[in-house]
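TrEMBL has this to say about the protein:
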- A:61-178: domain 'ABC3 transporter permease C-terminal' (DOMAIN)
- A:529-631: domain 'ABC3 transporter permease C-terminal' (DOMAIN)
- A:18-36: transmembrane segment (TRANSMEM)
- A:56-76: transmembrane segment (TRANSMEM)
- A:105-127: transmembrane segment (TRANSMEM)
- A:147-170: transmembrane segment (TRANSMEM)
- A:199-217: transmembrane segment (TRANSMEM)
- A:229-249: transmembrane segment (TRANSMEM)
- A:286-307: transmembrane segment (TRANSMEM)
- A:524-544: transmembrane segment (TRANSMEM)
- A:578-597: transmembrane segment (TRANSMEM)
- A:603-628: transmembrane segment (TRANSMEM)
Amino acid sequence: MTLFDIAKKNVRGNLRSYLIYFVSMIFSVIVYYTFVSLQYSEEIQGSLQSSEVMRSVFMGASIVLILFVSVFILYSNSFFTKKRKKEVGLYSLLGIRKKTIGRMLFYENLIMGTAGLAAGVALGTLLSKLFTMIFLKLLDSAIEVSFGIAWEAIVNTTLVFAVIILFTSFRAYRLIYRFKLIELFQADKEGEQAPKASLAAAVIAVILLSGSYWLAFQPMVTSQQMGRNFLLFIGGMIVGTYLLFRFAIGRLLRASQANKSRYYKGMKIVDTSQLLFRITGNTRTLTMIALLSAVTLSAAGVGYSMYYSNQQNADEAAPFSYSFISTGGSLDQQAERIITEDAKHPVMAQMDIPVIVIKGDVSALSYVPSGFPADELPLKLISARAYNKASGALNRKENVGLSGNQAAAIRSRYSGDLTLSDYKGHSISLITPQEKRTVTFVSLLEENVLRWSYPDVSIVVSDSVFNEIARHISPVIYKVYKVEDQQTTKEVTNQLTKMAAEDVQMSSYYTVYREGLENAGLNIFILGFLGLVFLAATGSIIYFKQLTEAHADKARYDILRKIGVSRKEVRASVAKQTFFVFALPLAVGIGHSSMILKALTSINLIVGSVAVPIITSMAVYVVIYLAYYMLTVHSVNKIVNN
Amino acid sequence: MIQPVVEAKQVNKVYGGKGNVYTALDQIDLTVQEGEFVGIMGPSGSGKSTLLNMLATIDQPTSGDIVIAGTSILKMNEEQLSIFRRDRLGFIFQDFNLLDTLTVRENILLPLALAKMNIHELERRVDEIADKFGIRQILDKYPTHISGGQKQRTAASRAIVSKPSLILADEPTGALDSKSATDLLESLRDLNEQDKSTILMVTHDAFAASYCKRVLFIKDGRMFTELVKGHANRKEFFNKVLDVLSVLGGGISDVI
């Protein structure tokens, strides 16, 4: 029997105990392969017009995945190794040469890795079709997905994993050299002692976490502020979380032991002391899971809210279906003919909006778009009559009545935190060649009627002021159209874009909507995909960790059963302890992600109505997490309660 | 009148089936009266541990009946058995079976906590027992930080803290040096003589058996013979036990 045979037999004979490592190996391969094969799939490349952007986004995401997958495999590999230290020690004790043991472990790892790779690619091929279909569905694209094997993806995946497998195999080979024989036999006893719960560290944890939570509520306007605050915010969160699990939780458990009459009641004494014993060894796992959950929840929240609010964004950025600046010539008529002849999208409303483009001194206002001087800011003036008419054409209720030097501000996009009091009573001067005309704000309008362009400062003035200024600066005419079913005007939009010159600012709702959808679809897909990966990983990490601990706990539960604890009580105890281990990082993760999302909202990375998508993604997360919890309780119970 | 604490009638235990039957216990009858200190001896594989496990309610006989403290344990369900073990039985095992996540104090009071006893009574009992076994100064240590003898005294404290009807000891001196073993056995004897505790001890060791008032010998799943100490002193009884063991054979002599 050669060494290779022994290694092969080892894997086959112990497949059950190897399963944990094997499954995480397959999982990693599936995830990576699926993602890479999407990257190479023709359907996806073709269906996105901006495939250059997509490729780079995919590239970035696959780098994140490689990092993640390597860490995950190394993690489960060291888990696996820890479980087998005793076995390796025994081989050595029985007199097998170190070199022989090392080679045996090397082969074993190689076999498992290769098998995992093959299985992962096979399963991944099936799954990648499913994911491609989901992706295209998100993009509103009705393209058929063919079932194919992406050779580039297989080569790519094989290369990446060959490196990882060789690395772990080499580590396995080195195992017997890295440890003394006695250390191999004591592997089980590592990291199992009641923690020293330093009060100071617990207090620091609370201070760091509340400090970074507080930062999330601070305004971040300049990019300098943003950089500094985010650095402090994330740093405080990571360190705070670690200290929280390392010291504060132990402290709390210790405190709960102080009430003897409650502590010495039923299984509580066992539950609490076991958790306390495990908390030191679990600190890193719990921290990692809390932070991964936070990242996953934030990512899913951002992705989904972008997708969810795409229509709202498009409505804001392009209130009318089509809009362009009149040139007074044949172009106007040609465009009008194209728009009105489109039978599938009948015109519901059309009008001309006269707009005066002027510079103004807005030093008195609190919001000035960055990159522009406050005393010479480009403004767009609209008359109250035109605004009301446009508002009517868009079926909106918002109206304005102005007289004399009264003016109304239209809310700029991404300035959601400004209120009427930031404008009311403040004056600005409009600079005409002849004079400086001062107008005073009386109200703030929520919705613009012009398409969005930066700097987005539109002001409604009374008809008399508008006409007066119009004598010095002639208004440009925005020709706007509202059509039915404006999300599907691809052909007309293409024709108009081809025909229009640069200076007419031809814009259509479709373009904005479609661009948003592509970005949001890509985002939700990538973020959702990464989110699922992280979720599966966090779930698996706790699951495997709990299972490993269950094997160590089995003896304890046997003792308890002998001194009169019923199976039912053991089950309840398992459920309670597992709940603690699951719920704690989840609660911290949800707390963290709420703060991250809050911070992202204050820098306008998330806009629009976010409550629904964020709550939805959290709910989905919690449900999947719950399934992991129940699976874990079931498996652990099966181990300790038999 | 003295009540029998344990009554095992015609107990059989058969393992396996279909052509590969192994009889671990064959028609065993056993009665232990209240206040007795009974030893069970026999070579490895004689079935003494099987018998103890059945009395401990963690294993069931194939046929026969076992009555402990007036209750037939074969008619109880899992839940009732757990409560029965908790309230009526105390265990001392060869490998101590202490929970390493609990301090010595917590290990001792565990059965009382499980029974949800009032905190004052609970603490009073722990103190009383800790004094009896001389482990008061190690109450707040963890089992990994105390010696084997201290561990076994802790286990013995846990076994008697709930004032069980029957204390079952499975090779309690097996992992102890002779000094610790003697200390433990003397504690058990005191417990039996002063507190009238009923103790059933399975052992390999003639020295340990000599502390009992009565020793039963099992061979190949059957009751072999019985020795009663009567008015003999421990030394004399020890020699008697050795005599029986030499007749019994079966690899037990090498232990002595």
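From the backbone N, Cα and C atoms, a Cβ is placed for every residue, glycine too.
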Long-range Cβ neighbours of the transmembrane segment (A:199-217) (under 8 Å; 6 or more residues past either end): 229, 232-237, 239-241, 243-244, 246-248, 250-251, 591, 595-596, 598-599, 602
In the same chain, which residue numbers or ranges, 6 or more beyond the ends of the transmembrane segment (A:56-76), come under 8 angstroms Cβ to Cβ? 20-21, 24-25, 28, 31-32, 35-36, 38-39, 160, 164, 168, 522, 526, 529-530, 533-534, 537, 541, 544
For the domain 'ABC3 transporter permease C-terminal' (A:61-178), give the DSSP counts of helix residues, strand residues and coil residues. 102 helix, 0 strand, 16 coil
In the same chain, which residue numbers or ranges, 6 or more beyond the ends of the transmembrane segment (A:147-170), come under 8 angstroms Cβ to Cβ? 28-29, 32-33, 36-37, 39-41, 66, 69-70, 73-74, 77, 105-106, 109-110, 113-114, 117, 120-121, 124-125, 128-129
Top stretch among A:18-36, A:229-249, A:578-597 for CB pairs under 8 A with the transmembrane segment (A:524-544)? A:18-36
Which residues of the chain, 6 or more past the ends of the transmembrane segment (A:578-597), have a CB below 8 A from one of its CBs? 212-213, 216, 233, 237, 241, 244-245, 249, 271, 275, 278, 282, 286-287, 289-298, 301-302, 538, 542, 546, 606, 610, 614, 618, 622, 625, 628-629, 632-633, 636
DSSP residue counts for the domain 'ABC3 transporter permease C-terminal' (A:529-631), split into helix, strand and coil: 91 helix, 0 strand, 12 coil
